[in-house]
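Take a look at this one; I'll ask things after.
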Amino acid sequence: MKLLYLFLAILLVIEEPVISGKRYILRCMGNSGICRASCKRNEQPYLYCKNYQSCCLQSYMRISISGKEENTDWSYEKQWPKLP
């Protein structure tokens, strides 16, 4: 009987407490977006998350398809090609 009480005491100590109302936020696109069933007004859906919800990104986020960091310096000289 003492062994049963010891087991229950250990089980209660090890188990994490359950907090109602808090949900785990599933992030996507390298922690830039949030997985949601429907995106907010200022967000754009992009691809899908593991749980088949939309990956919602802020409208100002730029997406790099190549996977490498790009230079985002948008000066006037870099917008147009130089003419000979």
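For all residues, glycine too, the Cβ spot is worked out from N, Cα and C.
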Which one is it, C55, C56, that Swiss-Prot ties to C39 with a disulfide?
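Of the candidates C55, C56, the one Swiss-Prot pairs with C39 is C56.
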Measure the Cβ-based neighbour count of C49 (disulfide bond), defined as the other Cβ atoms within 10 Å of its Cβ.
17
May I ask which residues of the same chain, at least 6 positions away in sequence, place their Cβ under 8 angstroms from the Cβ of C35 (disulfide bond)?
I25, L26, R27, C28, C49, K50, N51, Q53, S54, C55, C56
With every protein chain in view, what's the tally of Cβ atoms within 10 Å of the Cβ of C55 (disulfide bond), excluding that atom itself?
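There are 22 of them.
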Show which residues of the chain containing C39 (disulfide bond), separated from it by at least 6 in sequence, have their CB under 8 Å from its CB.
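Counting only residues 6 or more apart in sequence, the Cβ neighbours of C39 (disulfide bond) under 8 Å are P45, S54, C56.
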